[in-house]
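Chemist: One structure, as structure tokens, below. Some questions next.
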Amino acid sequence: YINYKNMSHQHMLTLFNLLPVGSNISIWWNFGSMLLTCLMIQIATGFFLAIHYTANINLAFSSIIHISRDVPYGWIMQNTHAIGASLFFICIYIHIARGIYYGSYLNKEVWLSGTTLLIILMATAFFGYVLPWGQMSFWAATVITNLLTAIPYLGTTLTTWLWGGYAINDPTLTRFFALHFILPFAIISMSSIHILLLHNEGSNNPLGTNSDID
């Protein structure tokens, strides 16, 4: 009698054990690659959602309902995109916490590129939150964009420019959709720079042991 279940289990363990990573780093170093996976999922689902979305204040909410109810597998795309965004932030906060705990901020170029990534990511998430144009979307757009008015001299002009008028209206939603669509490409570019800078100097070494110790 051959226990194939145990054999497959052993093969799976072998695959993980063959991962070419030194024992001087831990599970907390997984979150960078997890973030890259999240980014790919968000771009893939976001593309299919953008095909069916309508950036108009009278039709935006209805188009979301249409995606969830009428588009084949639209509900999966919509839910994956929404929940994926939350997962993205969970991963990035753990990634940052690990960096703070183990002193990754000493690698200034990598840390500053990561900080820039976080700012772009938060902006992208905000623009995406507004897109369904429900009650909370409208409230968020009003409150957050009004913060620009706190900037001396330029505040009111900047807010009017961002809104596309003297109040939040259709032009606001259109430009928010355009920004939400274009910013992920900035995230991809910045992520590439972040990874290149990291591989240029290497990750920090919490145990202080040789990476080839295994």
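Quick reminder: no glycine exception, Cβ is built from N, Cα and C everywhere.
For reference, Swiss-Prot lists these features for the protein:
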- HIS81, HIS180: heme b b562 binding site (BINDING)
- HIS95, HIS194: heme b b566 binding site (BINDING)
- HIS199: ubiquinone binding site (BINDING)
- 31-51: transmembrane segment (TRANSMEM)
- 75-96: transmembrane segment (TRANSMEM)
- 111-131: transmembrane segment (TRANSMEM)
- 176-196: transmembrane segment (TRANSMEM)
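Looking at the shown structure, can you explain where the listed features end up?
Modeler: In the three-state DSSP classification, HIS180 (heme b b562 binding site) falls within a helix. Residue density at HIS180 (heme b b562 binding site): 22 other Cβ atoms are found within 10 A of its Cβ, drawing on all protein chains shown.
Spatially close to HIS95 (heme b b566 binding site) yet at least six residues away along the chain are PHE31, GLY32, LEU35, judged by Cβ distances under 8 angstroms.
For HIS199 (ubiquinone binding site), other Cβ atoms within 10 Å of its Cβ number 10.
Distant neighbours of the transmembrane segment (75-96): 28, 31-32, 34-35, 38-39, 41-42, 45-46, 48-49, 64, 67-69, 114, 118, 121, 125, 128; these residues of the same chain sit at least 6 beyond its ends, with a Cβ under 8 Å from one of its Cβ atoms.
Remote same-chain residues near the transmembrane segment (176-196) are listed as 36, 39, 42-43, 46, 50, 53, 55, 110, 113-114, 116-117, 120-121, 123-124, 127-128, 130-131, 141 (criterion: CB distance under 8 Å, separation of at least six residues from the stretch ends).
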Chemist: Where does HIS81 (heme b b562 binding site) sit in DSSP terms: helix, strand, or coil?
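Modeler: In three-state terms, HIS81 (heme b b562 binding site) counts as helix.
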Chemist: In sequence order, which same-chain residues at least six apart have a C-beta under 8 angstroms from HIS194 (heme b b566 binding site)?
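Modeler: When sequence neighbours closer than 6 are ignored, HIS194 (heme b b566 binding site) has VAL110, SER113, GLY114, LEU117 within Cβ distance under 8 Å.
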